[in-house]
Every structure is written in structure tokens, then in C-alpha cells.
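For reference, TrEMBL has these:
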type	residues	note
TRANSMEM	B:12-32	transmembrane segment
TRANSMEM	B:38-57	transmembrane segment
TRANSMEM	B:64-82	transmembrane segment
TRANSMEM	B:116-138	transmembrane segment
TRANSMEM	B:145-163	transmembrane segment
TRANSMEM	B:169-186	transmembrane segment
TRANSMEM	B:193-214	transmembrane segment
TRANSMEM	B:245-268	transmembrane segment
TRANSMEM	B:280-306	transmembrane segment
TRANSMEM	B:318-341	transmembrane segment
């Protein structure tokens, strides 16, 4: 029972990390169709932002809370620059955006290596997050609980943004029918930029959360971006709730498979499970019905 | 088209092929040092993968990001056989395994003591993996970005599995230090020349196969699948089979390339098969011109050559250049260098006469639906 509960918590915790990494992709890939491989490097940029902020402030307790908004802006600005320079001319060739943004990710990784060095750097967790949290006799690491809460808050804020605000309405209108949105007076150009800003900013927030999990290095993003894409693929594009379910299911399955086998064979099994799942639901958990043949 | 132009085009193709054969198999060994020839042999292996990528991606519209898996399968199969053949006769256990533990050889290594089994497996195993994955995904109409991400995830899983099993796969150092190749010593320059000639011959054969596929009715269907998959389906063909066939051919080419890579370069490690090398294989194809026959070959060789010569002097400079190439070529020149000349010609023609009827775009790269 205790093993089961610990594994379940590990799975939910892993799922919350996946979810943070995938939320931004659910916007940029799911809603806009851009396959942004540099998303992983935006996560890395967020993590290094936390590192720099902590160096500047010196106080671990405050700097974590300061770095969250700062990393959001850093990631968002990186995304806006990418969108405005390269991606805006490529919306009719979504597959090619993958290769272009892969080039961007190579450059950003090398930049990080040249600035911060090849060795990993540590961002110490604040004192109020050290040690375990005792609930009903079970202890959970506070850092992981914090990430879980952060992921849930991010989902709620994003869902509220999309459902309740005028901006969210504009974003959804642009995604559903670009021409109609445009003729209703929505600046789709500006909406695209803002969507990309929010999506990439979430990557920055995910980066800050990852600093709580261990040391950060230039290939931090590469290890998360593929799994994050898989979450969006399983969840089905165009729906935030699909990504939420997929992230937690994938997290629990991954932790369970890796617990019963080894980490390396676990990856292969999870991959086979995903291919098998796509046999049942080729477009993911939530399908947006449309009349197109694709 | 009259009979004469058909003949002349056929002669032009044969002549070009012969010229390529003379350059690769006659001129290059004569003018290059042993070391440079070994490097060229390595580039030819990447060019073989590129031929397959050109077929699957350029012609079929499938963005294959996991070719490193098939390259790695071929390479590791060959490396396992070479390690077993090198093992001391008394124990039959390869050197690196004996160092790590005393459990002996894993059961799934045993079949590859036989050279014949290994050679068959190098073709069959990548083909089977590609057929299973291709049918599973294309049949359920999983395509485009979904397929690209799946193929990439496969590369990631393969590399992680290799690293996680140091006892049987050599872990992150991989397999290296091979002494012989089917009874021929790898130290002997004459045998290394033989390996180079095998690689050159294999590349030429693959180019010939790819050309025949491209000009055949099947090649037309493949392009049709890329440009209008639904229309192909309405005409009564099954796009899943057509695309799986191209994917499988590309996988087999990558597997053979990997198998030749091992004795020529002398090492195979997860660094050659993971996500980054898998995508790296695409940049040469993109630069050369993904839809053409020779563009991917020349592009892959040029990129591999540039990597060796640049990363010797500026290790980090190469990564920046590779990244910039991906950004600039794919964003601004999607047809690759092969599209440069026709584009310029069109542009000049358009400038000269406004009355000119729209020339059909020669090197347009339509977005595939994969």
C-alpha cells in the first residue's frame, strides 16, 4: 500500500512536470500548429533565469518567487522574437517549422554552454521548501508538492485566460477560423504574437520549477521536449484538458513501468504503449470535430 | 518527346552514373591519402542515409526524424558480430563484456556469431521495424507532425535503452576497437581500401535504386501521396502501403549505411543514433534539395565534410553554423541549393518578358501531408 501510494505520488509529480512543460506546447503546437523544438530551450532559459536571479538577489527564499514572473517574461520574449523573425512566414508549412526551430535550439544550447559553461549549475531550493511534508503519516518532498501546486495553478490561470477574458476569446476565434476572425475585426497577427508569448512564457515557468529537481545544464530542455510533445499528441490538439489528462496518465504509467522494470527499458515500453494507444485514438483523447478530410 | 531525346536522356543518365563511379572508385582512391579516404568513406555512409531520407521525406512527405535508429540497428548488429569474431576463442566473450562482469554473452547476442545471420539481420531487422511502425501509424492515418514526433521519440527511446544497458551494448561509450572484418584485418590499408570501395559501390547501387523508384509508377504515387493523400485514396490506392514501402526502403538504406559505418569509422555509440544526430542527418538533405535525386547525396557529403574541417578548428562554431543552416535553408530556401538555379532562371525570365506564360515551378516544395 505504501509503495503504491509513493509510486502514485511520484507519477503525479512526474506528470505535473510534464504538464508544465507541455502546457505552453498545447498553445503553440496544439492551437497554432507550430512544432517548436526550441520550446525545450525556452525551458532551459527559464531555469538559467532562476539561476541569475538568485545570484543577483542572494536570498533563495525570495528569488524563487521573483524568478517565476521574470522567467515568464524571458521565455515569452524569446518566443515573440522567434515568431516575428522566422515562424510568421512559415504557417503554411508546419512540418518545416520543426527543422527551423531545431536549428534555433542548437544555437541556444551552444549559447548557454558558452555563457554558463558545460558543467551543470545548482539553484538551491529555499528553506521553506526543504524537507518533507507529512500528510496522514506519509511524507512527500515539499519541492515536488510545490511543483504539483504550480502546475495546477498554471492550468487554472490558462483555462481562465482562454475561457473568460476577451483575449482568450480572440485566441480561440483565431484558432477556430482565421478568416472569419479577421473579418470580425480581430488582429490575428497580434493574437498570434500574444499566443506565442504566453505559450513560451509557460516554458520559462517550467524551467524555474525544474531548478527544484536538480542541477541545470544546457541540455535540460532536450530531455523534456519530446515527452512534452508526446503529451500534446496523446491529449489531442486544441484542448487544454486533453494535455492535463495525458500528462498525469503518462506520468503515472511512466513511474509504474519504470518501477516494475528499469528506467531504460521503461522508455521503450512507454513508447510502444503510446503507439498502441494511437491505434485506438489516432488523434488523441480529445478530438476537435471538423469536416476536413485530414 | 521523340525517340531521340529519350535515348539521349537515358544515355545522359548512364553517362552521369559512370562518371560518378569513376570519380568515387577510381579518382578518389588515387588522389586521397588513406586517412582522407577513410573520412570520405564515413561521409558516403551518411550519404546513403540521405538517399533514403530524400525518398521518404522529399518524395513521400514523411518527416523522418528517427533515421538514426535504423542506422544504429545496422551499426550495432555489425558491431556485435565483429566483437564476437574478435573475442578470444577460449572464452568467446568480447573484451568489454569480460571487463564488466563474468556472466558471459547475453542470449540475444549469440545468433550474431554467424556472419551470414548478421548480414541478413542488417537488412531484415530495420525493415521489420519500419514496416511495423509504418503500418501502425500510416494505417491509422497518424501523419504529419504526429509521425515526426513519434519517429523522434523512437530515436530517444533507442538511445536511452542503449545507454541503460552497458553490459550488453557498451553503454554510452558504445562498441569500438574492432580488429577484423569477416577475416580481413582492419589494420591493413588494402583492406581499408576494400571497405571504402564496398561503401562507394553500395552508395551507387542505392542511388540507382532510388532513381528507378522515382521514375517508376510507384514514384508518381509516392509524390501523389505527399501532395494529395485523400485523392490517392479516392482513386483506389492505399496510401499507407505506399508510404510504408518508401519508409522501409529508407530504413534499409540507413541500416546498411550503419553496418558499413562501423568497420570504416571503428566506433558506434549512442552519440551517433540519438535525436540530435538523427535530425542532423536531415540538414544535408535540406541543403542539397530534398526532392532531387543527387541533392541529398551531395548535401550530406558536403555537410559531413564541413563538420569535420570546421569542428577541428572551432568546436562551438560548428554548432552555431549547423543551427543557422537549419534556420536559413529551411525557412528561406526550402528547395535547397538545387532550387537556386531554376528560381533565378525563372526570375530573370519573368523580368525580361511580362508576357511569358507562368512557367511551372520546377523546384517548388509543397508541404507534405505525410
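Backbone N, Cα and C define each Cβ position, glycine as well.
Ranking B:38-57, B:169-186, B:245-268, B:280-306 by CB pairs under 8 A with the transmembrane segment (B:64-82) puts B:245-268 at the top. The stretches the transmembrane segment (B:38-57) and the transmembrane segment (B:169-186) are not in mutual contact, being linked by fewer than three Cβ pairs under 8 Å (pairs 6 or more apart in sequence). Residues 39, 42-44, 46-47, 49-51, 53-54, 57-59, 65, 67-68, 71, 203, 207, 210-211, 214, 318, 321-322, 325-326, 329-330, 334-339, 363, 365 of the same chain lie 6 or more positions beyond the ends of the transmembrane segment (B:280-306) yet place their CB under 8 Å from a CB of it.
Long-range neighbours of the transmembrane segment (B:245-268) within the same chain, counting only residues 6 or more positions beyond its ends whose Cβ lies under 8 Å from a Cβ of the stretch, are 38, 41-42, 45-46, 48-49, 51-53, 55-56, 59-60, 62, 64, 67, 70-79, 82, 122-123, 125-127, 129-131, 133-134, 138, 174-178, 181, 186, 192, 195-196, 198-199, 202, 206, 209-210, 213, 218, 222.
Under 8 Å from some Cβ of the transmembrane segment (B:12-32) lie the Cβ atoms of residues 40, 44, 193, 196-197, 200-201, 203-204, 207-208, 211, all in the same chain and six or more residues away from its ends. Panel annotation: around the transmembrane segment (B:318-341), residues 280, 283, 285-292, 295, 299, 303, 306-307, 310-311, 362-365 of the same chain, lying at least six beyond its termini, place a Cβ under 8 Å from a Cβ of the stretch. Counting only same-chain residues 6+ beyond the ends of the transmembrane segment (B:169-186), those with a CB under 8 A from a CB of the stretch are 76, 79-80, 82-83, 85-86, 95-96, 115, 161-163, 192, 194-195, 262-263, 266-272.
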